[in-house]
Amino acid sequence: MGNYFNTLNLRQQLDQLGRCRFMDREEFADEVNFLKGKKIVIIGCGAQGLNQGLNMRDSGLDIAYALRPEAIEEKRASFQRASENGFVVGTYQQLIPTADLVINLTPDKQHSKVVADVMPLIKQGAALGYSHGLNIVELGEKIRQDITVVMVAPKCPGTEVREEFKRGFGVPTLIAVHPENDPKGEGLAIAKAWAAATGGHRAGVLESSFVAEVKSDLMGEQTILCGMLQAGSLVCYDKLIADGKDPAYAGKLIQYGWETITEALKQGGITLMMDRLSNSAKLRAFSLSEQIKEKLDFLFKKHMDDIISGEFSRVMMEDWANGDANLLEWREQTGKTAFENAPKGENIKISEQEYFDHGVLMVAMVKAGVELAFDTMVETGIYEESAYYESLHELPLIANTIARKRLYEMNVVISDTAEYGNYLFANVAAPILAKEIIPTLKRGDLGESTPATEIDNILLRDVNDAIRQHPIELIGQELRGYMTDMKRISSQE
């Protein structure tokens, strides 16, 4: 196997990167009918596996779970989750030969082994589904020619996929058909029915490609979604302690600050997030964000370049082969940081507005990271819609995991692939922020309110225009229109 993307010529690469079409709701008029009466077997019962399966069953589809014999015999967590929810559970040999659609929802690093084990068992003309295309794009997995290969990728953690479905809604979803494996021309119909069964069609579906999904997903999770939050958490906490702030207060401000700040981002984009600040603080946050963008622009571009070339996947897979030595070392180092071990601050009260007023630097980091990730993806040929979902849209969901159990929880919830990329970014970004940005801070940038200053009306007007006219704000306003029923995401409700 080799990197599939690197086997394509330049025209094909650009075509695949640029695949992005927002689908009309009318295209889902048949909803799940194409898969009604067909046998669907899900491999793996983690967060995505279980919650997608629950939604699909509630949508009237026939769902069963195929697990490894040892998982069944030892009654591991995956077996317990599936059986306790009333699903048929069996081995690969028992369930896959009769399946019309086999959905591989195991972790990325298990995909090659899983596909090798199940492909001989998949019946002629059946379909194989993924929710992330790393195995196809980066590892170059070749699937038997009679098998249709599709992807349905909800742009949320599995728990949110279920919660939104229970509310009668759904989460934005990306679908794709592998161009090398659509022998009967049924791939799009399968993907549409699967997306509808999870509820995704109610929140907006992008028809994309395996390539565009993988390259944009890796970029988002490595930079703004995880890497920037990790680097920002560590640097901001250390600065607060250096300034003599109470460790419990500092820990709480950072732990819950990202969630509170990005809730505004979720509802009204960068514009609303910045509008939560006083005029003096907004001008300062804008200035800081421009400084951060200048210092980190090269790093965002390096990550994008390494993702496009396949260098990131090559290095990560070397670590897989080495027993995850780097991943485990970085995970251990994160667990020993001052922020992770700060007091919980359970008796400290911080109002919603105080998170903004005392977190101007954090707001600036969010703005800079979102815009850099979006701009870098678009410059690379990824469409604005995909870039939006892989940067701004998912950020509140990741921030919510930090609010639950700090960086530990974030790194548990995200995939090992995302966690590895997060460390690669944060390990470089944090020292840069500490050296280049922290020494330039002024009173009111972090840990206390920005002092009121005389406001230059023309400057404020120009800053407001710059915020509102950024391309991510324009596409974001359009896409959020499809998500009018979005609920608040908060660990503190």
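Including glycine, each Cβ sits where the backbone N, Cα and C put it.
Binding of Mg(2+) 2 is attributed by Swiss-Prot to GLU390, GLU394, and the same site annotation extends, among ASP182, ASP217, ASP238, to ASP217. What Swiss-Prot records for the NADP(+) site is CYS45, GLY46, ALA47, GLN48, ARG68, ARG76, SER78, ASP108, LYS109, GLN110, and among GLY2, GLY158, GLY168, GLY170 the residue it adds there is GLY158.
In sequence order, PRO157, GLY158, THR159, VAL413 are the residues of the chain that are 6 or more apart from ALA47 (NADP(+) binding site) and have a CB within less than 8 Å of its CB. By a simple count of nearby Cβ atoms, those within 10 Å, the most crowded of the binding-site residues SER78, SER415 is SER78. Closest to LYS109 (NADP(+) binding site) in space, going by CA atoms and restricting to the recorded positions HIS132, ASP217, GLU394, SER415, is SER415.
If you take the CA of ASP217 (Mg(2+) 2 binding site) and look 10 A around it, the recorded positions you hit from CYS45, ARG68, HIS132, SER415 are HIS132. Separating the Cα atoms of ARG68 (NADP(+) binding site) and SER415 (substrate binding site) is a whole-number distance of 20 Å.
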